[in-house]
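According to TrEMBL, the feature ATP binding site maps to K15, R16, K17, S18, G19, K20, D21, R139, Q178. Under the heading substrate binding site, TrEMBL lists N168.
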Amino acid sequence: MEVSEPRLVLVFSGKRKSGKDYVTDLIQDRLGSDVCCILRLSGPLKQQYAEEHGLDLQQLLGPGPYKEQYRADMIRWGETRRHDDPGFFCRLATREACQPVWVVSDARRQTDLQFFCSEFPRQTQSVRVQSSEKTRKQRGWSFSTGVDDAESECGLDSGVEFDWIITNEADAPSLDEQLQPILKLAEEAVTSSRSRPPDDPVLVL
Ligand SMILES: Nc1ncnc2c1ncn2[C@@H]1O[C@H](COP(=O)(O)OP(=O)(O)OP(=O)(O)O)[C@@H](O)[C@H]1O
Ligand SMILES: C[C@@](O)(CCOP(=O)(O)O)CC(=O)O
């Protein structure tokens, strides 16, 4: 597989409108884009889906309501591709990543997490972003049958012991405070990548 070996892989998951993009953008902002890339598993999916259906890719990628009209069909479309090859979108999303810290913003299924845990067992850390339904509603979420009760939203609700849980709520400790240990881990991973020759073993977490 043609990927350069990352030093740290932070695999994020969370319900719709929990703030996965917001939190992962903040991490990249703190670490810098030379050190940290954001990988969206839904990126290559939305790109191919937009091409096939003549849709606006930028709107599909953004946080607004446009993508919600297509979500159920995009899920079905993606699942037909994942059926034979569960790592299909994971491989596409990671193929050009070259920074030492990878932030995967949208793991949804056990197979997504398994992909990173098996490709990068020593570097992978799982992170759950959680918000109350009330807060998610304020951010534009409403329950949609076939989406919020399907694997796309519930696949990681149980059976995973997350390494980190971030509560993205106004009355929780600030995100900077909660992210402190993760940012420290990332900084250590980057320091170790600078002080070791390229073929040395990666940081053992
Ligand atoms: N801590 C926060 N402070 C202010 N705005 C926030 C915060 N967290 C999230 N938001 C806003 O809430 C909306 C949803 O957040 P975001 O897009 O990050 O969620 P998501 O989990 O990636 O959602 P989805 O996958 O359903 O699109 C965005 O408009 C974002 O800017
Ligand atoms: C179709 C899908 O990739 C949409 C993800 O959109 P978003 O990350 O919520 O913006 C969800 C899925 O793959 O199940």
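Every residue gets a Cβ built from N, Cα and C, even glycine.
What TrEMBL says about a protein is an automatic prediction, not a curated fact.
All protein chains shown were included, and the count of other CB atoms within 10 Å of the CB of N168 (substrate binding site) stands at 22. When Cβ atoms from all protein chains are considered, those within 10 Å of G19 (ATP binding site) total 24, not counting its own. According to DSSP, K15 (ATP binding site) sits in a coil region rather than a helix or strand.
The residue listed as 'substrate binding site' and Q178 (ATP binding site) are 9 Å apart (CA-CA, integer value). Long-range neighbours of K15 (ATP binding site) (same chain, six or more residues apart, CB within less than 8 Å of its CB): Q130, S131, R136, W141, D148, E153. Shown in sequence order, P63, S105 are the residues of the chain, 6+ apart in sequence, with a C-beta less than 8 angstroms from the C-beta of D21 (ATP binding site).
For K17 (ATP binding site), the Cβ neighbour count at a 10 Å cut-off comes to 20, with all displayed protein chains included.
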